[in-house]
Each structure stands twice: as C-alpha cells, then as structure tokens.
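This report concerns only the one structure given below.
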C-alpha cells in the first residue's frame, strides 16, 4: 500500500446547503354545511451558499535523497520519507463544492366542507286531512383549496481550483509527489414542494319525512260510504353536495449552481546555480518495463527444476511527462505465485546512470541471473508440469514504479517424459500380452546414457509378483528391470517392449499393477502405474448344448470384490455362469465401431431361455445389445437355428444401472414387420371441428387399446408409417383420416426384462459400496444394492426353478435372511413367494396370460404336498401364501364391484385361490387347529396389509416392457377403486362397510 506521510491542503471550503421550506398547514373542516378552510402555502427553500476558491500552492523541494526533504514556500516543513513510499507528499488545491439548495415545503391540504343539515318533518293531518310535506335538507359546504407548494432554492456555485507549482533542484524527489487541483462541484437546486390536496365538498342533508294523514271520522247513518283517512305528506328533498376545493400548485425546482474552474499543476526542475527552469510539465516522469526474455544457461528449450537461468533483453520506457532522472534501479527478485514453481533470484540489480527523455526507451545491457527452485524426487504419478512466473521491479530512491512490474510466465518440466504405456487392459488365463513403454525427448538436445553424465537416462520397471515376465535376463529378484536408455534425439521417442503373463496366483477380475520410474542424472523425475485385469475367457457353447444358466456381461469396472458379490448371488442360487467381457472382446453384440459379429459370438451359444446379467459401465450401455439379440434371448427363439423343435422358453435380462424404458421399447421395434391398421378403424365423424394428424394417431392407439389389447392386454404395439390424408364422401359421413401401419413385439409386458436402478446411473462398485459386508454376511437389507439385485434375480428365474428352490434350496440360500423395509426379518421362502405374488398379480392384470403361472404353482403344490409337509418353513410358506391370496381376494372384491372387465380374471383367480387354499390348509397343514390359527392371524393382518407389501421390490427396479397401457391397467387395479368408490357405491346394493364385513366373514 502507498504510504502518505504528509498531506498539504489549500482547498476551498464547501458551500452550505440551504434549509428546506416549512410545509403549509391543512385547512379546518367545515361544520353543519359551512365551507372548509383553505390550506396555507408551503414556504420556499433557502439558497445554498457558494463554495470558496482554493488558494494557490507554491513550494520548493530540496534534499539529496528522500530521507530528509526540506519543503519551503506556501508550507515550510522538513519531511523524512520512509523507504518504499510512493505518494509521500500530497498537495491539494481543490475548489470547494457548492451547497445544495433547500427544497420547497409542501402546501397544506384544504379542509373538507361540512355536511348539510337534515330537513324538518312535516306535521300530521287532522280528522282525515293530509299530512304536511317534509322540509328540504341543507346543502353541504364547499371543500377548501389546497395550499401551493414552496419553490426549491438554487444551488451554490462550486469553487475554482488553485494553482499548484512544485519546484525542485533534485528531480528524483518528484517521484514522491502527488498534486491535485480540481474544480468544485456545483450545488444542486432544491426540489419543488408539492401542492396541497383539495378539500372534499360536504354531503347534502337528507330531506325531512312527510307528516301522517289525519285519521278518518265516524260514519253517520245516512252516509253511503265510510269516511277515509288523510294522505301522508311527501318526503322533503335532500340538500346538494358541496363543491370540492382546488388542489394547490406545485412549486418550482431550484436551479443548479455553476461548477468551478479547474486549477493547474506545474512541476519545475531548477538549475541549482542559476535557479533557472530546466524543465517543466504538468505530470512527472514514469518508468515502464516493456519486455524481457528468460533463457537457460545450458539451453535445451526446456526450463527444468533446479536449472540456472538469466534474464536479458530488458527494455524500459519513460511514459511520463518529464525526463526520467538517472538513478532508477532495475531488478528481478525472488517470486512465486500460488500453485506455481518458485523463481530464485541472484539479487543482481542494474542502476540506470543516464536520463531517459519523455517517451524514450532504453535496452539494459545486463543479464540478471537466477535459478528455478529444485524439487525432491517425484513420488507421484505423471510428469512434472507447472508454470513459473518472473516479475521485474523498477524503483527510484526505493519508491517503486507501478508499471515497472512486468510479469512473464514460463512452462516448467523435465526434458524427458514417459509417453503412453500401451498394454492389454486385460488378459485371460495363460494369455501373453505385450507391454510397451515409450520415452519422449521434448527438448532440443539429445539425451541418453551414451551422451554424457548431464544427459544420463535410465528406467526401472517393477512388476507385481503375480506377473510372469518372459525373456528378460535383467529381471531381478524383486520382479523388476533396471536399464539405461541409450540415446533419444530431440523430438524423438524410445520404446521398450516386455512380454508378460498373469500367473496362476492371480484371481479372476483382479487388477494387477506394474510401475515405471524414469531417472535423469540419477534422480527419479517421473512415475507411472498401469494395470492389467485378469478376465475369464468366454467358453463357447452351442444351442441345445449350453450348460450355463447365466451369461454375465462384464466390463473394465468389474473388480474382484464386485465380481465375487455377483458370483455369490448366482452360485448361491445354484446357477452356473459364463462370462463375456465387453472390454476383452471389444463389444457385446458386434465388434465396437462396426456391424461385424465376433468370430465366436455368445448370441449363437444357445442362451435363449437363459438369464443375461449386464452390469453397465456407463448409463446407456444397454444399446450395446442389438434389438434382435434382446428379443431372441427374451422370446426364447433362436432365429439362426432350425433344429430345435421344443417349445420356446422365455429368457430374462437384467441391466444393472438406469435404463430409459420408453426409448428401450422403441429400439425393440426396429426390425419388426409392419402390419396395416384396418381402414375402417381410421374413420371418425367430425361435425364441429376439423381433423389433424393427431386425430389419426389417436385412432391408431384407439385401435390398439379397444381391439388388439382388449383380447391381448399384455402385448406391445407401436404405430408407424402414419400418412394423414383426410377424405370425406358426404357431410354426415365419417372422415377417412389416412393410412397407418403398426408393429408388434414378439415379447409381452410380462417378459422378464428389468433394470436395477442406481444413484449413479451405472453399476460401478454398487455392491461393494453397501454398508453391509456382502461377502462375509448372509443377512441383507432389501433396500441395499445387493438385496435389490438378489430379489430381481429371483424374479428373473423360470417359475419351475423358483419352485424347486423352495423345496431344494442351496446351502447358502437356506441360510439367507432378508431385512425388510420396516425391520422384519424374512427367510428365502418369503422372498421367493414375493416373486410368485408378482406372477399371480400379472395374471389378474392380463387375461391373455391367465393360467401360465397359477396352473404350474397349483400342480407343484399338489404334487409335492407331502414334501412340503416336512419343510422346515412349512408354516411360513402356508401362512404367507394364504395372506397373499387373501390380499388379492380383497383387491378383486373391490374390482368386481367397480369394473365389469375384471370379472373373468376374478373367476379364474377365485378358482385358483380356492384350490390352493384347500391344498395349503388341508393337505400341507393337516392340523385343523393350525389352519384356524392361520385364518385368524390373516384376518388380523388384513386390516393393515396391502398388495404393495408383497411387491415392494418393484419400486427398486424397472419392468422395461411395461408400456403405458399396461401401467394404466395396474394403476386402475390398485388405485382406480379409491378414485371412483364414492360415485360407484351409490349405484350398488352394498356399502363399503358391508363389503368389508363380508370379506372378513369369509376369512
């Protein structure tokens, strides 16, 4: 910060602001019809006073240097200026600012007129006479006028700046001087006062009421009619409203004052002998460093840590208004910016012993030496790359020049760097791969062990003990190779190859590291690490001869622990696994970047009816599977095989990661053959509106939902080739909207194709990130990633496999416990029953799949009833199954009342439920007492149990083939009842309470 030691003021005084005028008083309100009084006028503001002019300053500065400066003339002092000061002597001769004019006062508001009095009442008539009329009301008083606003006063004039004259025999002293002589600001005119508001006129008085007519007299015997009463008098007229007053006028604004005139500043250098003026100007000299260059003492084009350098070609320029005196000092000090490499200066300085005229330049014939700070041996990976800044410094009598600081930035690195390490990202068992290490010379000189000690290079490559390195005589006991690098010419590279293999000690999906160290002059300057992953080789299979249950598609993100978690699920369910690695085989369906199939491809390996599990490396990796491949696996039909005559078994696909389901379904339609929509389905009657393209699209979806999906609700359709061409034959005829085709998928909404949602969208480390240790524990939270995947895999298995697992669980599955969302702990039997509930639920939704699951389930229970009797989880099995059926009965009881289209589903389910309940409670549970206990327990739980209890895990996954229509059906089954219940039950014979009562009685 600049140091200001002495400040000398000869500035003019500011003018005083005028006072604001007083506001006027409001007029009094009138009384009983009298006029309101006028408001008084606001007062005018008073004028701001003029500022005074600045006085002149004339001083002489004397002294050999800044340590003792004698100031004589207008002021007389001896000043001691500290080293490094900039503006140490400040002289001000500024004109004062004019005072602001006062604002005018506001006019008073006019008073309101008084209200007119009420008219008198008319007197009553006598003996049949009429009553007198009421008197008129009095007029209201007029409102008073508002007072005028006061005028704003004029502002005062600004003062003139003074004349500053600073003379010296020693021009270097002017480096510490700051002088200012500016004009004073004009005072602003005062604001006008606003006029007062007009008073409102008083309201007129109400007219008096008329008198009552006189009462009739008595009838005389010979009179032909009875006498009548007199008429009442008329109501008096109301008085007129008083007139409003006039608002006051606004005052006038004051005028601004006039600004002062600027003064002058003159610097003079005097001859000490004759006191004659040698030079004068209105600004002093200033020194700017224009440019400089940095070079290495041993220049190879690279600035290297620890290297000696020098600054040369320094050009300075006098950008001020007077001659720069001799004595300025130029230097390049130690300098470092945050996150940059430090520059160490030799602290050499150069003194300018000559004058530099105004606008003149000078190149310094001197080299400033320094060095880049050295750094310790590298302990991090990657090359050392940073920036170094160097700044100049220019001063006179220790006072720095602002423009004497020029900062240049330079890159810092080593002349030799490790290039790309090329190695196979993965190797299979017994495979040999080549590791290629490249070294780059980015300098302009040759480097290598044969060039000299200053350019000596070597490397050390250290392999993990699990590597087998072939044909390397220099391999030491630490599985490392140390070798000198002969020579690398400028701009060239040197490469070294190593043949490696992963030993039998390596486990699948372990990543095995090796490190490279580069040495320059015996100092380690760079490190680099790389990995090789051991992946299983894909075992080729053939249709009809495929022994595997699961094909797991892996990628570079699958590491050992993550793989073991997947394997724990698959092997724990008794499933055998084959592996296809996306990184190893450069693609999944086709070779990456081409449309070419692999020479040996999994798609021809008979995986129809199997499970494909794809943990995705990136969100969107589901697109690595071709649509036809997905359909082939899911539908269980191999389009390339004509030998299989057995019925197709649907397969399953699980994507671990987020999949956008609508886009996914759209892709599956890619190669489907279009079928025409019947022309009659594309007609519609338009009387008051005109058809458009949306009308045609709407008719297509109407055809899907009302015709096709009415009988096949689980099927998926997509309109295509929509051509809007409206045609109408008559006014009252339907309009033919055009033509359209549709595509149909070979799979349905019930086909087992799922994605397991993740927070990141991909599957990287999701299983090893669980709070529970998935490899050592057998109790898993259903909300954990492991629990979500395990439940999804169970749902993806063929029904027969799941029923078999209930009876014959693997040792691991028998020990597994599931921690439910609300803290309860369940066995594997309950988890498998959750999946059966989903299948039965699908049959209720879609009439075209009725019997697909329920018949198999019922036959299994009948056939193996004896086996289930001795099952360790017999009671859990029967109780949970009974609760599932009761929950669905309750759901369908509502639907039976509300939606007639559920009747067929309801009848089928009722038959199934009756049969299964009989098997559960009479053939598997043979004790009547136990059967009654299950019924009682279920009846109690039905008060709180809902269908979502058994399908909770669906919220952690996506059923990718559930379209909009299918979701609407499901929503209608679960929530449509609640939305329609009030209106529907008014038309039904039973109330809600009666339905519940009947249901509970059934239980």
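Cβ atoms here come from the backbone N, Cα and C positions, even for glycine.
All TrEMBL annotations are machine predictions without curation.
Taken from TrEMBL, the feature region 'Disordered' applies to 1-52 (among others).
Within the same chain, residues 44-57, 74, 91-117, 138-148, 150-151, 153, 156-160, 162, 184, 187, 190, 193, 196, 199, 202, 205, 239, 242, 245, 248, 257, 260 sit at least 6 positions outside the compositional bias 'Low complexity' (10-38) and bring their C-beta atoms closer than 8 Å to a C-beta of that stretch. For 10-38 (among others), the entry in TrEMBL reads compositional bias 'Low complexity'.
What TrEMBL records for 40-49 is compositional bias 'Polar residues'.
Residues annotated as region 'Disordered' in TrEMBL: 102-162 (among others).
Beyond the compositional bias 'Gly residues' (193-216), the same-chain residues lying 6 or more positions past its ends with a Cβ under 8 Å from any Cβ of the stretch are 21, 23-24, 26-27, 29-30, 33, 36, 39, 42, 45, 103-152, 226-251. Look at TrEMBL and you will find 193-216 tagged as compositional bias 'Gly residues'.
Positions annotated as region 'Disordered' by TrEMBL: 193-266 (among others).
The annotation compositional bias 'Low complexity' is assigned in TrEMBL to 228-237 (among others).
Shown for the compositional bias 'Basic and acidic residues' (238-249): DSSP residue counts in helix, strand and coil, namely 0 helix, 0 strand, 12 coil. The annotation compositional bias 'Basic and acidic residues' is assigned in TrEMBL to 238-249.
In terms of DSSP secondary structure, the domain 'DUF7932' (287-396) contains 0 helix, 54 strand, 56 coil. Per TrEMBL, domain 'DUF7932' is recorded for 287-396.
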Residues sitting near the compositional bias 'Basic and acidic residues' (238-249): Cβ under 8 Å, six or more positions beyond its termini, same chain? 24, 30, 33, 35-36, 38-39, 41, 107-108, 110, 113-114, 116-117, 119, 136-149, 195-207
Taking DSSP H, G, I as helix and E, B as strand, the region 'Disordered' (1-52) contains 0 helix, 4 strand, 48 coil
DSSP residue counts for the region 'Disordered' (102-162), split into helix, strand and coil: 0 helix, 0 strand, 61 coil
